[in-house]
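Peer 1: Have a look at this one before I ask anything.
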Amino acid sequence: MTYDLIVLGAGPGGFDAATAAAGYGLKVALVEKRSLGGTCLNRGCIPTKLWLGATSAIDELHNQSKLKIASGEVVVDFAALQARVAKHLAGTRKAMAMQLEKLGVDLFEGFGRLAGEGTVEVEAADGIKTLKYANLVIATGSKPIYFPGLEPDGDCVLDSDMFLAMETMPASLIVVGAGFIGLEMAQVAHRFGAQVTVVDAMDRVAPLEDPEVSKALLSIFKRWKWDVQLAKRVAGLRTVDGKGVLTMDSGEKLTADKILVAVGRGPVTEGLGLDTVGIEVAMRRIEVDENLQAAPNIYAVGDVNGLIQLAHAAAHQGHHLAAAVAGKTDGPYESGPVPSVLYGAPEVMRVGRMENEIFLSPERCEVSRAQLAANPMAQAHASTQGFVKVVWADGRVAGVTAVGHDVSRLTTPATMIVAQGWTGHDLHSVMFPHPSLDESLLAALRAERTPVE
Ligand SMILES: Cc1cc2nc3c(=O)[nH]c(=O)nc-3n(C[C@H](O)[C@H](O)[C@H](O)COP(=O)(O)OP(=O)(O)OC[C@H]3O[C@@H](n4cnc5c(N)ncnc54)[C@H](O)[C@@H]3O)c2cc1C
Ligand SMILES: NC(=O)c1ccc[n+]([C@@H]2O[C@H](COP(=O)([O-])OP(=O)(O)OC[C@H]3O[C@@H](n4cnc5c(N)ncnc54)[C@H](O)[C@@H]3O)[C@@H](O)[C@H]2O)c1
């Protein structure tokens, strides 16, 4: 039998491609070497959000106690939390397996590799299986990257996979890399009372965000008494006498119970047999065209194609691919504006263009903004630090960025507004509820615009 579609990898990209294609009536096989759900479910988005969700009351109580309204302590049992995470993930994987069965998707557990045109081999526990395909989707995802001298040793120097598997939360933590993983994990450790140090090679935290966002985050972290060391080059990370020791290029040393290395992730392409179908790997990623195609009838979606490392982007690409293979769409892949959210408290949301990206553009560029301090919901939660910024290009909304408590709530309305390219006139077409954090978005949209220079 020849499958209409074989998918390698059951993360958000592969699982969504497989289930959507089966929903269109195609005969589909899904090959997964480890666990259904991929990085996102098992070692990424979901466990970190379970950690953040379980500890958010600690942060809320702390804010209210500063107003002398509340006192006391929220105690989160880390071992119980880890048990809940394990149970939740197992339950979700079971539900995913049932969904595959219901849709008639054949699941092959094992390492999949290409073996010439139209053929995939699966190295399973009970031997090698050979499968035939008409179309193939590679969705093998990504894994942590390491720089020489900064490799985790699994003892006191950990990557995010190892960090999420810990049995106790350390009393002190050094995070190398102030990106999304580093800052989300550091916030959890902080809520458990850990002394946090953050080190980054760049001169600001969250360096891919708007510089004003980085500044707002830094001021909050400093208030929390984090030691934030920026523009620092790390020469080595080692476990010495049961402690993690970081050595800077300058020779300066920092010590903590654990060190988390979170300096980025890279595509998984090793051993895939890509050369057997003439696919070349550039910068370790599988290059794709505007149809997400890497070779005739072979596509790559999600982290492995290096376009963007977000679960919802992978899933969106997977759905497009399924529709394309089923003949339900013939246009090129269009992502639309891609929202991103850094979770915790504060949160950061961003969609569309940023002020620091737009200033060289030939369009008439303006920004307008609102401070969270003026918003009743931010006031009610005693978390008023932060802002919403709207970027306008030729009188249309081209981007929205926000930082502060709960601003992830603004993501979907902001994404729709950017996708529709609202003008000032469109503000009157929709009513925003009162009181709500959404009104801070409305306030930013209504605020006076200043030219970007
Ligand atoms: C700590 C952390 C937190 C994150 N939080 C978020 C978040 O909040 N929001 C967000 O949008 N993104 C988040 N991400 C990123 C997100 O997890 C990824 O962007 C997403 O999982 C990519 O999906 P994917 O399907 O491309 O690949 P993956 O999820 O990596 O899945 C790939 C799958 O392919 C399998 N595989 C690999 N090679 C083979 C092979 N040869 N044969 C068979 N199977 C194979 C792997 O075992 C894996 O299951 C986070 C990542 C991390 C590490
Ligand atoms: N909420 C979310 O959507 C979410 C959460 C976690 C991860 N992710 C995704 O996972 C991917 C990987 O996350 P990440 O945090 O590892 O990567 P990242 O790219 O977000 O951050 C890496 C950080 O490490 C720093 N860095 C790089 N090399 C360094 C060095 N040698 N020494 C010190 N600092 C160094 C960078 O300047 C950067 O600040 C991201 O692309 C992100 O999209 C998303």
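Glycine residues also receive a Cβ, built from the backbone N, Cα and C atoms like all the rest.
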Peer 1: Of GLY91, GLY104, GLY264, GLY266, which does TrEMBL put in the NAD(+) site with GLY177, ALA178, GLY179, PHE180, ILE181, GLY182, LEU183, GLU184?
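Peer 2: Only hit among GLY91, GLY104, GLY264, GLY266 in TrEMBL's NAD(+) site, alongside GLY177, ALA178, GLY179, PHE180, ILE181, GLY182, LEU183, GLU184: GLY264.
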Peer 1: Using only what TrEMBL says about FAD binding by LYS49, THR140, GLY141, SER142, ASP303, identify which of GLY23, GLY112, GLY331 is listed for that site too.
Peer 2: GLY112
Peer 1: Looking at the recorded positions LYS49, HIS434, which one has the fewest other Cβ atoms within 10 Å of its own Cβ?
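Peer 2: Relative to the other recorded positions in LYS49, HIS434, HIS434 has the fewest Cβ atoms within 10 Å.
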Peer 1: Work out, from DSSP, the number of helix, strand and coil residues along the domain 'Pyridine nucleotide-disulphide oxidoreductase dimerisation' (338-442).
Peer 2: 37 helix, 32 strand, 36 coil
Peer 1: Looking only at GLY177, ALA178, GLY179, PHE180, ILE181, GLY182, LEU183, GLU184, GLY264, which the record lists for NAD(+), tell me the maximum pairwise CA distance in angstrom.
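Peer 2: Between the most distant Cα atoms of the NAD(+) site, 14 Å.
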Peer 1: Where does SER142 (FAD binding site) sit in the DSSP three-state scheme?
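Peer 2: Going by the DSSP assignment, SER142 (FAD binding site) falls within a strand, counted as strand.
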Peer 1: Give, as a single whole number between 0 and 100, the mean pLDDT over the domain 'FAD/NAD(P)-binding' (3-318).
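Peer 2: Mean model confidence (pLDDT) across the domain 'FAD/NAD(P)-binding' (3-318) is 97.
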